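A short write-up of the structure that comes next.
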Amino acid sequence: MEDDMNTCLHPCPLVFDLDGTLIDSAPDIRAAVNEVLAENGLPALTLAEVHGFIGGGVEVLWRKIIAAKGLSPEDHARYVAAFLTRYEAATGLSALYPGVTEALETLATRGHALAICTNKPLEPARAVLRKTGLDGFFRVVIGGDSLPVKKPDPAPVQAALAALGADPLRPDGIYIGDSEYDASAALAAGVPFFLFTEGYRHLPVEEMTHHTSFSDFKNLPSLVEKLRD
Ligand SMILES: O=C(O)COP(=O)(O)O
Ligand SMILES: [Mg+2]
């Protein structure tokens, strides 16, 4: 099994995380969070605080804000609802990490089928993909609200791989992401995890389970090639 996980036949399916992997979206998430906090007479979060809270999706984001700031858990649903009304429009401050478009072009040209599997809800995910010009690359987008469960559950990664035609019993593909949620989901789905180190991970790289790591997207196509040998 270990050997199987370390090879990738043909141009294998590639599934990408979104926030902190392809797109630095924390400034938009922070702006929308701070609008909700301001509306409730509460102080703003710093960008560093927001980095620490991203990864598990909107409900987890607000659970973490509530815990860190000593807010009332009873207000969770109200904060989430207010945030969601702003999330789809929150794309103006998001930026692609350097080299993302070129790497996706190279991988698509080599015949890899590409999908997104994000814990961000589907509509905001689609909106930011359109805004950054990436939407045309992906055959499938699985959002945080596409299934009843989110990463670290493997089901969303498995659904993305299946939609790209991977064999569910012996999934052939790679999951590329930035967080602990991604590492756990890939491990449980039985596919190698490629860690982008410049996103919003909460642990040192050495403490995260991963097949390989990279800090610059220009290195991704050759790392993917290497797995095929
Ligand atoms: O929105 C989040 O909390 C995480 O989104 P991601 O799965 O694309 O990193
Ligand atoms: Mg991420």
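Cβ from N, Cα, C; glycine included.
Predicted automatically and left uncurated, TrEMBL annotations should be read as such.
Together with Asp17, Asp19, the Mg(2+) site in TrEMBL holds one more listed residue from Asp178, Asp216, which is Asp178. Classification of Asp19 (Mg(2+) binding site) by DSSP places it within a strand.
Within 8 Å of the centroid of the Cβ atoms of Asp17, Asp19, Asp178, where the record puts Mg(2+), the same chain has further Cβ atoms from Leu18, Gly20, Thr21, Leu22, Ile23, Ile54, Gly55, Thr118, Gly177, Ser179, Asp182, Phe196, Gly199, Tyr200.
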